[in-house]
Amino acid sequence: MATPSIDKHALDSFHAHLSQSKRVLALLGAGLSASSGLPTFRGAGGLWRSHDSISLATPEAFAADPSLVWHFYNYRRHMALQAQPNPAHYALAELARKLPGFQCLSQNVDGLSQRAEHPPDQLQLLHGTLFELKCASRRCDYHETNFTDPVVPALAIPTGGVDPTSNEARREAAAAQDKGQDLDISDVKVPIPSISTKDLPQCPKCNAHLLRPGVVWFGESLPASVLKNVDDFIDADAGIDLIIVIGTSAKVYPAAGYIDEAREKGARVCVVNMDTNDAPASGWAEGDWLFQGDAATVVPELLKPVIGEIKAKV
Ligand code: BJW
Ligand code: ZN
């Protein structure tokens, strides 16, 4: 993934603004974790075993085929646990420590910001996390933190004996990707079995319903406490100096709407994206910045005046 060089004039002007900013938002999307090896939702990365990832992220998909949807999320949990935070996750966590008026609004559910030790009260998980499970019934309030991989034995990734994280499997997936085929590195031509409901994760409280991933699917409300934290930050009298929009196609609401809400509170907008077509929904304004490139490279460079050099973690 070649990163174009960053325009020096734009970088200087961004650094000057950042250095005097006191209240800053960042809106994070899947592109932040792309260089950690996790696929995005839309575009080339958005297929899992020939299923469109977006079509699996709905309550209707779970109701229709909980086995298929659990296979998808079990795989995503596995991949996220194998992945490492990249320099952009660490840079944002460091900015949070250096700047108390900085809030990250993350659409990501992969847990990488948390593993980069991002201060929790400066990280709003708009779409939940893969590592929280909750009862699928709205009438039951059971939830738990859960990092078990596979989440239940029956969901072990069917690999036909090939380790999906092995170089061999990665090579196969890359070759398939080159040919425009399925991108899933666990897809070593072994069909996924349909698992009986009794072998999927069960709610231990009501003993009547399945557990489901603690993520926010289309048509569901975002967590009320998270929405309140975001609204309180945006509505504060002090205004907002800057919003940095990192690795998101900005097509999903209410997350995408926060860009314009911040703008209305005085924020200048800075976009970091591989694809220059992924503009804010309401378009560009005078004074916006666009830095094209890999977030893992660009973000540490952008934040350098406040955070200094990010040291590689081993
Ligand atoms: C790189 C890179 C690199 C790649 N470096 N960059 C107002 C108007 C219209 C519709 C609505 C509205 N308000 C609500 C809605 C309905 C709906 C919605 O938004 N629909 C739109 C699609 C039109 N929203 C909802 O239903 C939300 N709920 C809600 O609002 O409740 C109240 C309500 C309900 C119903 C009606 C009205 C109100 C819930 C949204 C939940 C989204 N959930 C998902 C799945 C989470 C679980 C999971 O992970 O499986 O969240 S969908 C998916 O999209 C996921 C993501 O967080 C989200 C955003 O995707 P993201 O991160 O932007 O990824 P991509 O792939 O789209 O983009 C990646 C970007 O990275 C690209 O730009 C690349 O170029 C870039 N990139 N490599 C830098 N190395
Ligand atoms: Zn329950």
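Glycine residues also receive a Cβ, built from the backbone N, Cα and C atoms like all the rest.
Because the structure is a prediction, the values reported are computed rather than measured.
So that you can see what the record holds, here are the features copied from TrEMBL:
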ACT_SITE  His127  active site, proton acceptor
BINDING   Cys135, Cys140, Cys203, Cys206  Zn(2+) binding site
DOMAIN    4-313  domain 'Deacetylase sirtuin-type'
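Sequence features, as recorded in TrEMBL, placed on the structure.
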| residue | record | DSSP (3 states) |
| --- | --- | --- |
| His127 | active site, proton acceptor | coil |
| Cys135 | Zn(2+) binding site | strand |
| Cys140 | Zn(2+) binding site | coil |
| Cys203 | Zn(2+) binding site | coil |
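Cα spacing between the residue listed as 'active site, proton acceptor' and Cys135 (Zn(2+) binding site): 16 Å, rounded to the nearest whole number. Confidence for the domain 'Deacetylase sirtuin-type' (4-313), expressed as mean pLDDT, is 91. Other than Cys135, Cys140, Cys203, Cys206, the residues of this chain whose Cβ falls within 8 Å of the Cβ centroid of the Zn(2+) site are, in sequence order, Ala136, Ser137, Arg139, Asp141, Tyr142, Lys205, Asn207, Ala208, His209, Leu211. The Cβ of His127 (active site, proton acceptor) has 20 neighbouring Cβ atoms from other residues within 10 Å, across all protein chains displayed. Fewest other C-beta atoms within 10 angstroms, among the binding-site residues Cys135, Cys203, Cys206, are seen around Cys206. For Cys140 (Zn(2+) binding site), other Cβ atoms within 10 Å of its Cβ number 16. Within the set of binding-site residues Cys135, Cys140, Cys203, Cys206, no residue has a CB atom less than 6 Å from any atom of ligand 1.
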